[in-house]
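Peer 1: Shown below is the structure under consideration.
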């Protein structure tokens, strides 16, 4: 199969939404029957984002095969059906590490290792490898044109475009077209300078996507086309919208997909966007409202919980409910008490690391349990629910996780020293293992217990969900917890690790060790989130059994 490439770059400022724009174009092309994949090239020196602070970088998105990747891959999976893998995201750090490893082995036969050709060749090889088997590969380069870190990536895609030829490669560039109230007009000069910077690298954009808070007038689009050397019809106006799921229709209406198909000589049926029209309709026509409290430690940057936020919205679509997320700092729960949780229709405690704010999360789980408020715990959110239950129901005074307390008498959560990975290999870890890439990662099989809420929600005896953790339920203390009424409703493939817990005498209390948010999409939702938001809606209407 011959693969065609669209390289996506950004200019003027960061955070323009390259990932959303690229994913939206991918969604349209997929809706035309084409097989599409996406890639994100990150210029930072970290090997992957696994050890980066969520408040700096946002969430770490985990793929099926266990890669810790940029959050943009979450956008990709929410917009297209193709599942991302470790081939779909790589960093400068990963590339340099691979090249240096080869140099140490002597693979380069004594050559002087340089950015050109060794680093650029390594980048090109990864891009070609990741695109195999698809009609179109959309490749997003992180950062902003002009950044010193991104230069090797820019040079690599420039070379690749030359090698592939115009009939197989094109460039899409996102820029900002600001509106100046004092002048009463949009300004195109930043876009002109951004394209000039791109041209200095040797890249001529074929499509310009212009971000603005309003529709860019035709005369300004004509001006941009003239000074940036692109066709007028290839200047796409992307105004701010109240939902990212409207973007596919917005750029489809301007014929962006036709430009791509014409360039590559592809004959494909018109895009069927009926699924996206349904998503937009459901989003615009809720029949009720719910307020979900998210109790976490990284709330100053909502992107730290990006997939959770989106999964809650998706569940709202499926239940025809408008979901408002109220972010609650778990440290505030510690200092101000659980009174700040009053009025919430449901409580969610997401994943996290470190002991800061953990007691606040435990208090949130206790509040939800005692007040019959729907509760969903994810990863650490399951562990704190378990700790709370052990302390206050199973009479295990001082119970804790060994992650936070080494001398607790009841370590109900402990370090996993051994488990079976997704390929059936035994993984072993100790407290001395590196932080990066050493967790239980990726998609794992889970057995669901008969008669459990989890099995009712999923409608299957087994499911596969994605993990990212190194601590688990201590099986030695599990009998005491089960005797006190805790229900284990999900077990790992070898039935040695607890994956889901429930509290039977509670209207809706479910917690999972895995991350269900990574597989939720606007078109399909996710069973756990749908059940959780449905319970929140029933709580509002007074229909939830107490």
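Even glycines carry a Cβ here, placed using N, Cα and C.
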Peer 1: Report the candidate from 72, 98, 303 that shares the ATP site with 15, 16, 17, 18, 19, 20, 239, 240, 241, as recorded in Swiss-Prot.
Peer 2: 72
Peer 1: Among 263, 466, 470, 523, indicate the single residue that Swiss-Prot lists for the L-glutamine site containing 352, 380, 381, 382, 383, 403.
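Peer 2: The candidate from 263, 466, 470, 523 that Swiss-Prot ties to L-glutamine along with 352, 380, 381, 382, 383, 403 is 470.
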Peer 1: Cα of residue 223 (CTP binding site) to Cα of residue 381 (L-glutamine binding site): how many Å, rounded?
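Peer 2: Here the two Cα atoms lie 53 Å apart.
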Peer 1: For the C-alpha pair, I'd like the distance in angstrom between residue 383 (L-glutamine binding site) and residue 15 (ATP binding site), rounded off.
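Peer 2: Answer for this pair: 34 Å between alpha carbons.
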Peer 1: The domain 'Glutamine amidotransferase type-1' (291-542): mean pLDDT?
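Peer 2: Value for the domain 'Glutamine amidotransferase type-1' (291-542), mean pLDDT as a whole number: 90.
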Peer 1: For ATP, with binders 15, 16, 17, 18, 19, 20, 72, 239, 240, 241, what's the maximum Cα separation in whole Å?
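Peer 2: Site span for ATP, by Cα atoms: 20 Å.
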Peer 1: Name the residues of the same chain, 6+ apart in sequence, whose Cβ is under 8 Å from the Cβ of residue 191 (CTP binding site)?
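Peer 2: Same-chain residues close to residue 191 (CTP binding site) (Cβ under 8 Å, separated by 6 or more) are 11, 12, 175, 176, 177, 208, 210, 224, 228.
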